[in-house]
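Engineer: One structure coming up, written as structure tokens, with questions to follow.
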Amino acid sequence: MYVVNLFSCIQTAYKKHTISQVLLITLWTTLSMASSSNDPSTVVGMDVQNVTSKINPRNGRLTTRDVRFMPNTAAVISKMLKKFKKKRKRNPQDNVSEVERRLRANDRDYNEQFDYARNFIRTSKYNLFTFLPKNLFEQFQRLANFYFLILMILQLIPQISSLTSLTTILPLVAVLSLTAAKDAFDDLQRHRSDNQVNNRKSQVVRGGQVVEEKWQNVRVGDVIRMENDNFVAADLLLLSTSEPHGLCYIETAELDGETNLKAKQALPETAAMGDDLIQISNFDGDIQCEAPNNCLSSFQGRLIWKEKTYSLDNEKMLLRGCVLRNTKWCFGVVIFAGRDTKLMMNSGKTFFKRTSLDRFLNVLIIGIVLFLLSMCMISAVLCGTWEWTTGKNFQAFLPWDSFVEQHSTTTATVVFIAFLVFFSYAILLNTVVPISLYVSVEIIRVCHSWWINWDENLYYSPMDTAAKSRTTTLNEELGQIQYIFSDKTGTLTQNIMTFNKCSINGVLYGDMPEQVEQDKVRGKGGAPRPISFSDNKWADDKFVFYDHKLLKHTKQRLAAVDQYWRCLSLCHTVMSEMKTNRLEYQAQSPDEAALTIAARCFGYAHLDKFASDGLRTLCLAYKEISFDYYEQWQKRCHEASLSLENRQDKMDAVYDEIETGMTLLGATAIEDKLQDGVPETIANLIAANIKIWVLTGDKQETAINIGYSCRLLTVNLKEVFIVDGSKIDDVRFQLECIEQQICLGNGNGNGNGDPIVVLANDSNSSCNVVGHTSVDRLDGYALVVNGHSLVHALQPTLELQFLKVATACKAVICCRVTPLQKALVVSLVKRNQKAVTLAVGDGANDVSMIKTAHIGVGISGQEGMQAVLASDFSIAQFRYLERLLLVHGRWSYYRMCKFLQYFFYKNFAFTLAHFWFAFFCGYSAQTIYDPLFIACYNLFFTALPVIGVGVFDQDVSDKNSLRYPELYIPGQQNLYFNMRIFTYSVLRGFFSSGVLFFIPYAALSENVDFGGKSSAQSMQALSFTIFTALIVTVTAQIALDTAYWTLINHIFVWGSLAFYFFVALVYYELLPFDVLHHNGYGTAMEMFVYPNFWLSILLIVVLLMLPHISVRFFWVDVFPSLSDRIRVKQNLRRLQGRLSEVPLQSLTTASSLRRRRASTRSSYAFSHHPGFGEMITKGLNMRQWKNELKLSTVIETLRRSSTSINRDPSTTCSNDQQPNL
């Protein structure tokens, strides 16, 4: 009977529960039957559902609540479960199953049943016992480390290894130890940080008293008391505060980087409790809210208390990581704790970005491994052939004599020996894939990051902000950027808003004549004086407005003007704050701050005019409603706010209901000036063949105006196309029209510089065009796309056509775009173009775009630090992007490519000497080098010189890198390291290995005995000569090709060479023979006095360096690149000691001599430039624009048209005042 019942329980439980829950049910049922053995009928009649219902469906725990049978058994099981239960780790993803969170304030027993996360956090990865196995497991997941682990295991098999395992163990242990030490240090810092946070003190309300508790012991549902300047321990629902109306102020710098204070407000019903501990202890409200998530800006929930339901939103939440400011005290109930807090949910791993050079390197490594296997196969075949004819006489001397029959030439014996030799050569030739490569690359990247962090030219003193490399894996990618996606507000502009103009009841205020405005900017005497607000004690001293008519009408209390200012003063979220008898505003938006300051100081067609002037516009309107209507609307609004599903949609519908039929009061015009150096920076980046796309939320007219102001749009563009279709068919037609016009290459400019529009939003006309001044040299197109049109352009059916049109344009501006659209545009280019993308922004709305691009750059500006925290690199101003790319990016790419060239060269030259030696050792996989030198070659003898090149070398100075942006183009085209250059390095290494082996062999073969010495010592002499020649040759090659010498370079190069000779002397001469048991004792000194030793080394160096020097001389003299010519110019200046520039045209090369003979004299008597004669003879209209940008752009265009790639440095941008890094 017991067995039948037990089986029935298990069968029923298995259908509805997991395996672990089935085991618990089985245990419960068994003990129940045992305790009821005196009355079997109670067991037979027991309902299985009574057992299974004791399991909490969320966490799988057995509960003892409402158990009506066997209380003793239930108590025993509960104690056993508490004693033996294991903590189950939960990832943030586990919360997907938690659709809704329920909790009760001040009731731990109720909340315990849900097994919510405690407030303990752990960001560390290891502990004392798991560090070694876990870290090694992680490291061996890297393909290179696992590859060398397999080689080390193979080397432990004496039958296939001619090398001691030390040659692999030593480098592998060094690499693993270095990485482990770094990981241990990083994790130790995380442990310390975790302990510091978990042991912070908090005040928990219990039983009418405040009890001090550690953060890690706080539970969901606890009520916490906080004081001013305290950190928020967990995500809290604000209950009451010391401030009126339940207000409190928090600083969210640690959460999102923003330093502006934010106001939070408790429900009036809970705020009435004040600091009465009795009332707060008796507070037992039930809270239902959304599951834990990482959205910082939203929260939905409801509070059920005293039979009433209240809506909860983000304005009533205090998030972990915030700091309480300007508030004496506040109380809050814990909603999310520990890993469930929004701060921790946002601290997950970011997407791992890899450079294009990394991806190419992986392809090369696979190719090298295949090459290694082919060399092993060739050696194995040759070994089998040799064994078939000759090797049988020597089998007794080989380690596999116990496996094969001696003096046997059977097919099985030969195949078996060749099989063993295949693995032997895999071990011997493994250094073509050196383990030190990855360590060296990481060291170089870290140093490149330091150069960015330490560059004083990237330091912005007004904000005390330096550039920062937030990752060490993407530095060289900065030298290959082809597309830049930029935000406008705060990125190109200062994001410092000033109230510039306004329109009230159809009257325009603040609009001054053009000449007066220019006089105001220039500070001439006739400029108008700003309005004085001396009679207003609350006025802002920095606020400036010139139209006295507005102040006059404001003082007259005109109805329209009065309503206008009242609307500005009331409709905002700005918080006022008194500081030293001054009224200051804390605004979440710079626009709101500018508008409220204007309202404080002053106590329809105009929109387009404001936008055309590049000003940010905003409309103001009002509506009169009855009190009864408001009460009904407020009821509907409250009902919508209580919804936990689609709350935002329901709220928007209610808002739309009241926001209809409003009366327009006027419009505002806010000025956001460009940052310093933005036009020059964009011009230089465009000259570097980088396409710039501006993605902004501004109006189309504002975006176009800013495009001209920052020189993204210039007068030498053929056309500026506008896509503004509201339907997908309109957008398709416009894109087809633009594509045809680009293909035909003829524009629609009207020749007088006025913009013309040829298309309305219907599909029966052609594309929108903004015309330009006609000049002979019109170059390229620009595209402007509206946000509503972009929605259709990004559809799968149109995205490729849109991409084709956009990439054919030099500049693209997308206006009225959302944050999601920004990311989609970047993703579209990233997916379909083989180009490296960079996104730069300063606000939270740019985070998705920054994370999507290959490289994200955050600007620390007025909108907080969210963009910086999500970025790979951070700068303070947009103009620093020029130096970040053209100097640091280009140098990093150049250095890394040069490092890889020589790294592969030196390793192929070193490794393939074993292959040549195979022809003289019966293909027995014997090494030509001493095992100690094999282990030290990549770690000590050649590592530092190559790393020095990768860290310090530069072909041209930073000044010339900025002066000649065309130097950036080779990086975009992968010209410094590609398959051709890699093949050249491999062939050089292959040729060098042959020279390194055969010349010493020939030089030493006539006197191999060295006066009767043994063959072993003769072998050591040959080995020592080859290895010494290798070290000298590789060091000489690196020294020859180092373009920029520093003291550290000298120490690395010559110090490594001296260190090799020191080790050789100690190893061969000073250490007793019994210590290392090698056969080369005394070889070094004997070879040093042997003439053929030095002659062979000299001959090798000459033979290997002469072809390389000849090739370099030929290319530099006959087909010089721009960097070659600039480098020669730099050397001339250094040698001649001149302070003036040396023109590139004065450099004498074979190609320049040929060009000089064919050239004619210039017709310009006093200048190297044609001046403005072309403009005058063409009859161009040279009237001055408001911002004087058209004229300067035309001048710059004509100057560029008169100069070639070898232009005089005096005509380029003046960035030469920046010192070398």
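Any Cβ shown, glycine's included, is placed from N, Cα and C.
Whatever TrEMBL says is automated annotation, not expert-curated.
So TrEMBL lists the following for this protein:
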- 104-169: domain 'P-type ATPase N-terminal' (DOMAIN)
- 166-185: transmembrane segment (TRANSMEM)
- 198-272: domain 'P-type ATPase A' (DOMAIN)
- 360-388: transmembrane segment (TRANSMEM)
- 408-428: transmembrane segment (TRANSMEM)
- D487, T489, D842, D846: Mg(2+) binding site (BINDING)
- D487, K488, T489, E592, R616, T696, G697, D698, R816, K822, N845, D846: ATP binding site (BINDING)
- D487: active site, 4-aspartylphosphate intermediate (ACT_SITE)
- 868-1120: domain 'P-type ATPase C-terminal' (DOMAIN)
- 903-925: transmembrane segment (TRANSMEM)
- 931-952: transmembrane segment (TRANSMEM)
- 981-1001: transmembrane segment (TRANSMEM)
- 1021-1040: transmembrane segment (TRANSMEM)
- 1047-1068: transmembrane segment (TRANSMEM)
- 1088-1106: transmembrane segment (TRANSMEM)
- 1202-1221: region 'Disordered' (REGION)
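Map the listed features onto the structure and describe their local environment.
Structural biologist: Proximity of distant same-chain residues to the transmembrane segment (166-185), defined by a Cβ-Cβ separation under 8 Å and at least 6 residues beyond the stretch ends, is recorded for 125-126, 131-132, 135-136, 138-139, 145, 148-149, 151-152, 155, 427, 430, 434-436, 438-439, 931-932, 934-935, 938-939.
Secondary structure of the domain 'P-type ATPase A' (198-272) per DSSP (helix as H, G, I; strand as E, B; remaining residues coil): 15 helix, 39 strand, 21 coil.
Tertiary neighbourhood of the transmembrane segment (360-388): same-chain residues 143-144, 147, 409, 413-415, 417-419, 421-423, 425-426, 429-430, 432-433, 900, 904, 915, 918, 922-925, 974, 977-978, 982, selected by CB-CB distance under 8 Å and a gap of 6+ residues from either end.
When Cβ-Cβ distances below 8 Å are used as the criterion, the transmembrane segment (408-428) is approached by residues 151, 154-155, 159-163, 168, 372-373, 375-377, 379-381, 383-384, 387-388, 391-392, 395, 400, 914, 918, 923-925, 927 of the same chain, each at least six residues removed from its ends.
Taking a C-beta cut-off of under 8 Å and a sequence gap of six or more, D846 (Mg(2+) binding site) has these contacts in its own chain: D487, T491, P819, K822, A839, V840, G858, A867. D846 (Mg(2+) binding site) falls within a helical segment according to DSSP.
Of all Cβ atoms in the shown protein chains, 29 besides its own fall within 10 Å of the Cβ of D487 (Mg(2+) binding site). According to DSSP, D487 (Mg(2+) binding site) is assigned to coil rather than to any helix or strand.
If you look at the transmembrane segment (903-925), the same-chain residues 6 or more away from its ends with a CB under 8 A from one of its CBs are 160, 162, 364, 375, 379, 382-383, 386, 390-391, 394, 398, 421, 424-425, 427-429, 431-432, 434, 437, 440, 937-938, 942, 946, 982, 985-986, 988-990, 992-994, 996-998, 1001, 1026, 1030, 1033-1034, 1037.
Sequence-distant neighbours of the transmembrane segment (931-952) (same chain, 6+ residues past either end, Cβ-Cβ under 8 Å): 163-164, 166-167, 170-171, 174, 431, 434-436, 440, 443-444, 447-448, 895-896, 898-899, 902-903, 906-907, 910, 1027, 1031, 1034-1035, 1038-1039, 1041-1042, 1044, 1046, 1048-1049, 1052-1053, 1055-1056, 1059-1060, 1063, 1067, 1076, 1078.
Sequence-distant contacts of the transmembrane segment (1021-1040) (same chain, at least 6 residues past either end, Cβ-Cβ under 8 Å): 902, 905-906, 909-910, 913, 928-930, 933, 941-942, 945-946, 949, 992, 996-997, 999-1001, 1003-1004, 1010, 1053, 1056-1057, 1060, 1064, 1068, 1080, 1083-1084, 1086-1087, 1093, 1096-1097, 1100-1101, 1104-1105, 1108-1109.
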Engineer: Quick check for the class: what is the C-alpha distance, in angstrom and rounded, between R816 (ATP binding site) and T489 (Mg(2+) binding site)?
Structural biologist: 12
Engineer: Of these binding-site residues, T489, R816, which scores lowest on Cβ atoms within 10 Å?
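Structural biologist: Sparsest of the binding-site residues T489, R816 by Cβ contacts within 10 Å: R816.
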Engineer: Out of G697, D842, N845, give me whichever of these binding-site residues has the highest number of other Cβ atoms within 10 Å.
Structural biologist: D842
Engineer: Determine which residues of the chain contact the transmembrane segment (1088-1106) at the Cβ level, with the cut-off under 8 Å and only residues 6 or more beyond its ends counted.
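Structural biologist: Tertiary neighbours of the transmembrane segment (1088-1106) are 991-992, 995-996, 999-1000, 1003-1004, 1007, 1010, 1025, 1028-1029, 1032-1033, 1036-1037, 1040.
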Engineer: For the C-alpha pair, I'd like the distance in angstrom between D842 (Mg(2+) binding site) and G697 (ATP binding site), rounded off.
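Structural biologist: About 14 Å separate the Cα atoms of these two residues.
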Engineer: Could you round the CA separation between T489 (Mg(2+) binding site) and G697 (ATP binding site) to a whole angstrom and send it over?
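Structural biologist: G697 (ATP binding site) has its Cα 9 Å from the Cα of T489 (Mg(2+) binding site).
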Engineer: Mind tallying the domain 'P-type ATPase N-terminal' (104-169) by DSSP state, helix then strand then coil?
Structural biologist: 31 helix, 1 strand, 34 coil
Engineer: Please classify the secondary structure at G697 (ATP binding site) using three-state DSSP.
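Structural biologist: In three-state terms, G697 (ATP binding site) counts as coil.
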Engineer: Using DSSP and three states only, what is R816 (ATP binding site)?
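Structural biologist: The residue in question, R816 (ATP binding site), is coil (DSSP, three-state).
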